[in-house]
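Peer 1: Quick one: structure below, then a few questions.
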Ligand code: PFF
């Protein structure tokens with residue numbers, strides 16, 4: 001006998017878990033750095049449009065398939081059709097999603113490990129342990145192995161406890177803490193010299209840049225990564241959602257929270273860059289463009305914290321705690337994808353599945369650490385630039401063309417009886433079938449060019 005399937009016990013629990021998956025390093029680190037490297041507010045405008053125009057409809061496809069199938073991504077996509085070929089291709093797509101989620105987790109674990117190092121370094125600095133601080137902020141292989149192992153262990157611990165006692169309990173605790181911390185940090189940074197300059201760059205768009213293909217493609221990739229799309233995370237969270245909740249409302253709420261927190265994080269990072277500039281840190285390249293390197297957070301923030309005097313250590317502690325929390329609520333959702341598949345398809349107990357799969361993914365993280373120069377960037381590009389949008393297209397197509405129409409509409413009606421009067425009901429089924437895949441493919445094609 002297999003164990004009964006987990007389910008989120010409350011609406012709040014689901015929202016915290018799904019928003020927790022969406023809100024992560026991609027929001028607090030990726031979005032502000034991409035905004036900086038893509039010229040500021042123009043990127044913010046395009047990102048907002050694409051998040052609601054492309055990512056929200058694709059998120060809905062995952063939620064509705066997941067809740068209908070009440071299963072992991074492989075079983076869910078495979079079960080949408082009785083035709084052997086379509087069913088096989090669905091299972092293959094699901095499996096590709098599982099592999100992609102696992103690969104994303106393998107590099108995410110390394111980056112999250114860096115957050116833990118800087119968190120620990122704020123502590124050792126406070127205690128005057130200079131050698132330890134230096135080691136923690138170095139890029140040594142040993143440091144990366146240790147910090148990734150710590151982060152992988154935390155993820156594994158939460159996932160082995162299941163849906164309610166693991167995912168829901170920890171997301172509900174960690175997400176509010178994250179939002180509170182973020183707001184406190186913004187309040188502090190905005191009182192500093194230089195912050196207003198950063199706000200201007202962030203909020204006043206140069207509209208002539210809005211149609212640049214590279215900007216559009218980056219914004220689409222960012223929106224897909226940020227909403228955890230294409231790899232079955234949202235599908236499996238949807239499968240744990242009760243039939244009493246309205247899917248379009250839940251999906252909209254998760255999208256608004258995700259976009260809102262990315263926007264809020266920008267209010268911290270961009271002003272912080274200009275505050276750092278006041279303290280003598282270089283934030284522009286030779287051509288005068290803002291530096292948007294992925295490690296800008298490490299270049300800009302630690303000196304900023306230092307410049308705050310003794311309080312800086314506490315602010316650093318708060319910030320890197322926030323980053324670690326955000327990463328953890330995302331990493332648990334990634335690990336849930338292969339774990340749910342293994343538990344349901346191979347009838348293995350959850351802790352055993354979590355241990356074996358978590359261990360294997362950590363082995364991939366080690367491989368990336370040992371071959372950092374060649375593999376790290378390659379895996380990030382492969383999974384986020386190519387696999388996620390492509391998988392998103394197939395999931396939209398399965399939702400629009402393979403999912404039986406009456407079953408799809410019935411699923412949408414669960415939890416929202418008046419849905420037939422909404423704009424969503426009139427537009428979305430056709431939109432997800434034709435327009436959304438075409439738009440994603442068009443942007444994808446632009447990126448190849
Ligand atoms: N949405 C997460 C972030 O913005 O950091 C990253 C992510 C989580 C991607 C879960 C994919 C995934 F399945």
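Every residue gets a Cβ built from N, Cα and C, even glycine.
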Peer 1: For the feature transmembrane segment as recorded in TrEMBL, pick the matching range from 95-121, 284-310.
Peer 2: 95-121
Peer 1: Residue list, the transmembrane segment (423-446) vs rest of chain: Cβ under 8 Å, 6 or more residues beyond ends.
Peer 2: 53-54, 57-58, 60-61, 213, 216-217, 220, 248, 386, 389-390, 392-393, 396-397, 399-401, 405, 408-409, 412
Peer 1: Apart from its near flanks, which chain residues at least 6 from the ends of the transmembrane segment (12-29) lie with a Cβ under 8 angstroms of it?
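Peer 2: Distal contacts: 108, 111-112, 115, 164, 167-168, 171-172, 174-176, 178, 182, 222, 225-228, 233-234, 237, 240-241, 245, 250, 253-255, 257-258, 261-262, 265, 268-269, 294, 297, 322-323, 326-327, 329-334.
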Peer 1: Taking contact to mean 3 or more CB pairs closer than 8 A (sequence separation of 6 or more), are the transmembrane segment (145-163) and the transmembrane segment (95-121) in contact?
Peer 2: yes
Peer 1: Honestly, do the transmembrane segment (95-121) and the transmembrane segment (250-274) touch, with at least three Cβ pairs under 8 Å and pairs 6 or more apart in sequence?
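Peer 2: These two stretches do not touch.
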Peer 1: Mind pulling out the one from 41-65, 352-380, 386-403 with the most Cβ pairs under 8 angstroms to the transmembrane segment (250-274)?
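Peer 2: Comparing 41-65, 352-380, 386-403 against the transmembrane segment (250-274), the winner is 41-65.
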